[in-house]
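J.: Handing you this structure, nothing more for now.
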Amino acid sequence: MLVTLKTLQQQTFKIDIDPDETVRALKEKIESEKGKDAFPVAGQKLIYAGKILNDDTALKEYKIDEKNFVVVMVTKPKAVTTPAPATTQQSNSAATTTVSSSTAPAVTQAPAPAPASAPTPTPVSVTPAPTTASSEPAPASAAKQEKPAERPVETPVATTPTSTDSTSGDSSRSNLFEDATSALVTGQSYENMVTEIMSMGYEREQVIAALRASFNNPDRAVEYLLMGIPGDRESQAVVDPPPAASTGAPQSSVAAAAATTTATTTTTSSGGHPLEFLRNQPQFQQMRQIIQQNPSLLPALLQQIGRENPQLLQQISQHQEHFIQMLNEPVQEAGGQGGGGGGGSGGIAEAGGGHMNYIQVTPQEKEAIERLKALGFPEGLVIQAYFACEKNENLAANFLLQQNFDED
């Protein structure tokens with residue numbers, strides 16, 4: 001039989017297999033044809049008619065229609081990108097060169113013309129007085145040749161890796177952000193994803209609820225549809241709607257607070273989950289409110305965290321499921337936290353949960369918010385986008401224009 005397979009990224013391909021074969025045999029065939037890196041057997045989940053196919057069951061038991069398709073979900077292994085070993089190797093190599101040069105005998109010979117001839121095992125021996133072993137004069141003479149060229153050799157060693165470290169650091173940081181946000185869909189791709197998941201046999205309301213609970217992660221949404229949404233987050237949203245505008249400024253302070261809690265991350269990782277320290281951060285509580293109301297702001301938040309604290313973004317990328325679970329937890333009421341002094345700068349108030357929440361803004365910030373509101377967007381969304389984009393008016397305008405407000 002010819003099985004049509006489709007990924008959540010709209011990639012379609014076909015596999016010819018005997019219907020008497022098991023589901024695991026189909027997974028192995030997918031891995032052999034599409035590559036072990038992209039489709040590992042251990043990370044594959046095959047879904048047909050809203051059910052996950054069991055590895056030990058024969059394909060014919062599921063009565064797969066060749067006109068329909070089987071959904072392939074792939075859980076990618078965590079990519080560990082740590083440039084630290086490279087720097088330690090560099091420091092070790094630098095240490096060995098300095099040690100070898102320091103242990104070299106202080107024999108003043110004429111400098112060798114080519115510094116690249118240092119590793120030559122048979123140098124020109126000018127006065128090799130004690131030739132006890134053929135291996136010992138070679139390091140000594142090599143060290144003598146390294147002596148005059150010590151500075152020129154160390155200079156590229158010191159400069160070249162630093163430039164590559166900076167570029168690799170930037171690329172690894174961008175890779176972390178891409179890894180953390182690659183599974184998120186927004187805008188038109190969101191609507192396409194809703195239609196795609198509905199074709200698996202689910203109602204639109206179910207699909208939208210699952211996507212909202214998974215913060216627009218299609219892989220997680222399908223799991224929620226199959227296994228059930230943990231904690232029934234939809235009912236939480238009805239019973240306890242989070243305040244809208246009380247969480248604008250904390251968007252930027254979340255990453256700042258995370259930067260100050262890097263030491264906490266390392267200490268808690270030994271005793272518990274690496275992300276558990278976020279529960280005690282009031283900034284995370286506020287960030288959870290704004291993300292639960294508007295999940296599409298999550299990519300902007302992750303991008304900001306990636307700039308200010310790449311280590312935290314790496315932890316989030318490696319523990320996405322736990323991070324989303326923490327975001328889905330009900331928001332605790334912050335009693336009397338939103339008050340404060342009302343100094344000369346303006347304030348913006350919005351009703352949320354039966355009480356007023358105030359954000360202190362400068363006159364310039366208030367003017368920027370008013371200009372964004374003049375574009376036709378609701379005040380609550382304008383405030384969220386403005387602070388989520390670090391008070392960058394142009395970025396906030398572009399962000400608002402890309403959103404699909406009909407869904408909200």
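Using the three backbone atoms N, Cα and C, a Cβ is placed for every residue, glycine included.
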J.: For which of the residue intervals 2-40, 236-274, 275-313 does Swiss-Prot record region 'Disordered'?
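T.: That would be 236-274, the stretch labelled region 'Disordered' in Swiss-Prot.
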J.: Which one of these modified residues has the most other Cβ atoms within 10 Å of its own Cβ: Ser199, Tyr202?
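T.: Answer returned by the neighbour count: Tyr202.
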J.: Could you tell me the mean pLDDT over the domain 'UBA 1' (188-228), as a whole number?
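T.: That region's mean pLDDT is 80.
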